Amino acid sequence: MRRKIVAGNWKMNNTLEEGIELAGQINDLVENTEINDVDVVIGTPFIHLTEVNKVVGEKIGVAAQNCADEKSGAYTGEISASMIKSTGSKYVILGHSERRTYYGETNEILVKKVNLTLENGLAPIFCIGEVLEEREAEKHFDVVKSQIAEGLFHLSAEEFGKVVLAYEPVWAIGTGVTASSDQAQEMHAFIRKTLVEQYGEEVANNTSILYGGSCKPSNAKELFENADVDGGLIGGASLKAEDFMGIITAF
Ligand code: PEP
């Protein structure tokens, strides 16, 4: 059966020292709190990966927030999937709307990143989601379906089994506006139906689909109660250990 996952996305925040401190605080809380069978993930900037992996125990997985679309070589400033793997990390967040919008990440580029991530034994946390105009024009289902199809449907069922999906309506990211519980469930059910059509019931039912977008301790429970919402990808609220824990314990 699919895993429940709460993953933090620190984005471009925290010096190395601050990141080590925050990871230590989260680790202490996770170690000393009764947690309801939830996988906890911390998505840090590249510079933190090695040290955060040393600070956290087995109950926490570490994620990078991006990886290069090439294996290795003359790509100044890039970080490859194998380099991320060598830090002890387990996940790579891919296709975040900020990367799609600010860094021109297309589905074509994402296919290369997804493949390299999987080849290196890392699990992609693959982000999808519509902008407000697309929702208002009632195109949100088509947009999300094509992001999934173009970014992931080249994978075999076995490969796809390692992917975590994160539905993040762009209008809800960092805005304080959260999708309603019904809007989240409606989209997550649609995504799962899309996976059934491509890979069948078993793969679809084993895929964790996270919600992201202004999720916080006060709304996490209502969102996570939905049948097809398997956890969250958390931005702002993952930068404070207590808030992040409040979301983890919402299950
Ligand atoms: C995100 O960036 O993945 C995110 C969900 O951000 P926030 O929780 O701050 O809306």
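Glycine is no exception: its Cβ is also placed from the backbone N, Cα and C atoms.
Just so you know, TrEMBL annotations are computer predictions that nobody has curated.
When the candidates S146, S208, S214 are compared with the substrate site entry in TrEMBL, which names N9, W10, K11, G174, G235, G236, the shared residue is S214.
Residues near S214 (substrate binding site) in space but far in sequence (CB under 8 A, at least 6 apart, same chain), listed by position: A172, I173, G174, T175, G176, V177, T178, G236. Fewest other C-beta atoms within 10 angstroms, among the binding-site residues G174, G235, are seen around G174.
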